[in-house]
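Feature list (source: TrEMBL):
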- 51-74: region 'Disordered' (REGION)
- 1-25: signal peptide (SIGNAL)
- 194-213: transmembrane segment (TRANSMEM)
- 225-246: transmembrane segment (TRANSMEM)
- 266-286: transmembrane segment (TRANSMEM)
- 360-387: transmembrane segment (TRANSMEM)
- 407-429: transmembrane segment (TRANSMEM)
- 441-465: transmembrane segment (TRANSMEM)
- 477-497: transmembrane segment (TRANSMEM)
Amino acid sequence: MFSSRFSITLRSVLLFSLLGAITWAQITLTGCHIHEGQEICFLPGGAETTISSSTSTPTPTPTSPASATAETTGTVQTTAITDCHQHDTTQYCVKGNGEEVQVLATATGSEALPTAYNGCHSHGSAMFCLRPDGAEVEVLCSTEEVASTEQESSAESEDGENCHFHAGVEHCVGGSAAATCERKDRDYNVKLRIGLLFVILFTSAIGVYAPIFMARVLKTNGTGIVFTIVKQFGTGVIIATALIHLATHASLMFGNSCLGELKYEATTTAIMMAGAFIAFLIDFTGHRLAHWRQQSTIERQTASISSQDNSREEAAVKGHRTSTLAHLSHHHDINNVGTTHANDGFSIFILEAGIIFHSLLIGITLVVAGDSVFITLFIVIVFHQMFEGLALGARIAVIDGLHTIKYIILPMAFTLVTPTGMAIGIGVINKFNGNDPSTIVALGTLDALSAGILTWIGFVSMWAHDWMYGELRNAELTKTLIALVSLMGGMALMGLLGKWA
């Protein structure tokens with residue numbers, strides 16, 4: 001009896017063991033793939049199982065992509081995505097919960113992309129599924145995530161590389177993008193540029209004519225407190241323009257990698273020195289010529305007086321000589337004043353020449369900047385033209401005589417030069433390449449030359465002339481402090497504009 005029961009029990013154990021082995025042998029593993037040197041498969045419930053390379057692996061039964069269904073577990077874990085379709089060149093599929101996801105898959109050769117993927121699993125926070133050939137593809141979980149990823153990528157690009165324009169050439173710092181010397185195609189709103197050309201024309205006219213008409217209305221000789229403020233502000237503007245704008249731009253031009261390595265590293269400052277010397281030479285020559293003409297006039301007057309009739313009475317002759325000496329002294333004082341005015345006149349011509357050189361470049365390079373920065377650059381140039389116009393107009397206003405030149409030619413030349421440059425720029429907008437070596441040399445040379453000219457005029461004819469030898473030499477304390485604040489204000493504001501232009 002006992003033997004019979006033991007036999008039945010042993011038979012039952014063996015039967016259950018055999019059934020368990022058969023059941024294990026019939027478990028189907030899907031989505032097998034290699035990840036970091038290990039073979040990973042999915043159990044029927046969707047859980048991952050790692051199969052050692054030394055363990056005999058049951059042959060997985062592949063799931064046909066055409067009949068794959070999106071299964072989800074209790075934790076809403078997608079094991080397959082179906083209904084794959086194209087939006088332009090991007091493939092999208094549908095998860096088990098109906099959510100549309102983007103698949104980062106690329107077609108190989110003439111083979112179309114699969115219409116379904118199975119074996120979906122996670123690596124960290126990223127989701128991956130398997131192609132029919134077992135290759136992994138990444139799945140972006142939602143369209144919002146795709147947009148977020150693109151925005152983050154764009155933000156990283158912008159944060160990593162800071163690009164702005166100097167003299168029409170895009171200057172980038174930071175980032176790892178390879179530099180190129182080829183012309184870049186940009187978006188150009190030509191109609192907007194044509195319209196804003198007239199805004200620059202109007203702004204330049206206001207800046208340069210305002211001090212001239214103010215001097216005429218107030219009937220001032222340029223020594224009043226209002227004119228002192230305008231003149232000293234203008235002096236600061238000219239000095240900041242020379243050093244912060246022009247000298248910096250020239251250095252960037254000659255430091256451009258597209259130009260190659262310069263054999264002479266001091267090219268920028270050498271051209272600046274040449275510009276300062278040219279300005280000095282013209283200023284000095286003009287002063288000497290004016291002095292020579294005045295001396296000739298005095299000598300002719302002296303000879304004419306000496307040839308007068310000596311037969312007059314001694315007392316009358318003596319009295320006449322006394323009157324003549326006073327007359328000559330009076331003329332000498334007038335001529336000395338005239339010499340100063342003539343010298344100022346030459347300085348104004350040189351100042352305007354330096355301004356015209358770089359204002360023409362400003363107009364050209366403003367319009368060839370891309371639409372992405374054009375409006376910002378335009379606003380900066382508007383203030384730039386206004387400040388420079390005030391600086392030039394304040395000096396023109398105090399020149400005696402030269403009415404045609406004073407009221408028409410000099411201010412009109414400044415008013416028209418930047419719009420003329422803009423018109424030229426619009427004409428070459430689709431051909432301009434700021435990284436072309438010949439363009440770099442031309443822009444750099446003119447910038448450095450203008451910087452040298454304005455450096456001489458700003459420091460010598462304006463700053464030193466007013467403070468060391470002119471009206472501010474012995475001015476009262478209040479006027480001196482106001483002039484000093486105005487000078488620093490011009491430097492600071494024009495220096496601030498150098499951040500963008």
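Numbering starts at 1 and runs along the chain as it is shown here.
A Cβ is built for glycine as well, from the same backbone N, Cα and C atoms used for every other residue.
Nobody curates TrEMBL annotations by hand; they come from automatic prediction.
Note that the structure is predicted; figures quoted are calculated from it, not measured.
Scored by C-beta pairs under 8 angstroms, the transmembrane segment (266-286) has its highest count with 441-465, from the stretches 194-213, 360-387, 441-465. Most Cβ pairs under 8 Å to the transmembrane segment (194-213), among the stretches 225-246, 360-387, 441-465, 477-497, belong to 360-387. Sequence-distant contacts of the transmembrane segment (360-387) (same chain, at least 6 residues past either end, Cβ-Cβ under 8 Å): 164-165, 167-170, 184, 186-189, 192-193, 196, 199-200, 203-204, 206-207, 233-234, 237, 241, 245, 417-426, 428-429, 432, 434, 443, 446-447, 490, 493-494, 497, 500-501. Counting C-beta pairs under 8 angstroms (sequence separation of 6 or more), the transmembrane segment (477-497) reaches the transmembrane segment (225-246) with 3 or more such pairs.
With a threshold of 8 Å between CB atoms, the same-chain residues lying at least 6 positions outside the transmembrane segment (407-429) that come near it are 168, 188, 190, 193-194, 197-198, 200-201, 204-205, 208-209, 212, 348, 352, 355-356, 359-368, 381, 385, 388-389, 392-393, 396.
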